[in-house]
Structure formats: structure tokens, C-alpha cells
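Data block below; observations after.
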Amino acid sequence: MKNILLTNDDGFEAKGLLELAKKLGKIANVVIAAPSTEKSGSSQSLTLTRPLRFIKIDENFYKLDDATPADCVYLGLHALFKTKPDLIVSGINHGANIAEDITCSGTCGAAMQGALQGIPSLAVSQFFTGKSLKNSGFDLACDIAYKVVCKIFENGFPLLNKQFLNLNIPSVCKKDFKGLKIAPAGRKFYDTNAQNGINPRGKKYYWLGKMDIKFDISENQNTDIGLLSEGFATLTPIKPDMTAYEQINGLEKWLKI
């Protein structure tokens, strides 16, 4: 039987993680290594300034105390497997990870860490609005992720080394689901948002709020943003090399000025 290392960034008690573990357990031996608390927005951050400790929850189920998702992958591979697993899956995230959000996502950061370790990796996220997640749950996301994992096991991982797959599920019920499409990451426009306050000792603090994010749907019709809003699930190949190759020649000319 194949072996899967499963993690997330919503914490070891998150419903998306537990339901996906149950679903993937039908085709693989699933070992869970998840953060003890929510670590959204942690990207591929690793904890380098203090020791970390695995706490066993159940058979093949561990939480890593106050760790990041990337920590869970890194130490999960080091401590929980004698040989590398066949696949690393991160999710199901409670919320989409699309466009530039991918760069700060803890869910995608875990998949990136897996890819850098040379292991096929898949990030899975469920888009939701309002109470749609409570109403629809993770059944559709589990089904689609299951099919993608089966395809990986049957046909091999379709990407080059150090690349991973980013799967996003639309906020629709099964009867309104339009299918799975390959899509590039879209583009958003970001602004800051934070609440100011004074702590009991009279010191000023800031509490980061939900980022003000906007996008032009006309420019994103065939991206993960547009297709997700139309009821499609999207599968996007992601690589860690963020070099803007098309700018290199222009930058060399600029440097000579």
C-alpha cells in the first residue's frame, strides 16, 4: 500500500484534515503530522530558534506542538518515516489558496517543502463564502482530491522535480459542480488592514485584519480566480523558482546605464 504524509495549516483538529484523512485512508496508509494550532499565512516558515515536539494523538496521528505546516513536513519526513512517503498532501484548507495568496499560504508552504524534499506533493483548499462551508462541508473536496491522488498513483506524478500541484475546490454543492480544469494562478490587488488598540499597560498594538483584496474578473476568466467563481475546481502547477526571466535582459541594460 502507498504511504501519504498528510498535514494542514488549520491545526490538527480541523474538519478538512480529518475528513480527507478518512477518505485517503481507503487507498493509502495515511500518517498525519499537523500543527497544534492554526498557522494560516505561515508560508514555508521553519522554526529554527527552539526545539519542537511531536505529541501522539492516535495511531499514525501526531500534532507538532506550536509548529508550522512546513515544520510538520520537514520533521515528519525525518522522524515518522523510515523511507520517503509516496505523496505529501496538505489540506483540506478552510478557504481557497489562489493567485498571489499561494506565496503566503501555510497549506501551499507545506506542499512546497515536500516538493523541495523531492516528494510528489499536493495542496488542497476549499473555497467558501459566508456559511457555504458549514452548509456544503468537504464532501466534494474529498471526492476530487481522492480522484487526483488516485490519478497520481496510477499514472505517476505529472510535474518536474521540486514542483507541486495546487488544487482548489469551488463553493458549490455536487449537483452544481462543473468539473476540474487546469488553470494558471490569477492576479489580485492587495491593500493593508489592521485594527489599532492599547493594551492594559498602555502600549499601542496592531491586530492584522482581513486583507483588502480586489481583482478584475475580466482579466481572470481562465485563471484559478475566474474558473473557481464559475463552479470549476482548478489544478495549478506551482514551482519554487520565482525568477522573472523575461526581465533579465532589461535589468542588465538598466544596470549599465
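The backbone N, Cα and C atoms fix where each Cβ goes, glycine too.
These come from Swiss-Prot:
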type: BINDING; residues: D9, D10, S40, N93; note: divalent metal cation binding site
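Overlay of Swiss-Prot annotations on the structure.
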residue : record                             : DSSP (3 states)
D9      : divalent metal cation binding site : coil
S40     : divalent metal cation binding site : coil
N93     : divalent metal cation binding site : strand
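Listed in chain order, the extra residues whose Cβ falls within 8 Å of the Cβ center of the divalent metal cation site residues D9, D10, S40, N93 are N8, G11, A14, E38, K39, P69, H94, G95, S105, G106, T107.
Across the binding-site residues listed here (D9, D10), the residue whose Cβ sits among the most other Cβ atoms within 10 Å is D9. Take the CB of S40 (divalent metal cation binding site) and look out to 10 A: across all protein chains shown you find 18 other CB atoms. Counting only same-chain residues six or more apart in sequence, the Cβ atoms lying under 8 angstroms from the Cβ of N93 (divalent metal cation binding site) belong to N8, D9, D10, G16, S105, T107, A123, V124, S125, Q126.
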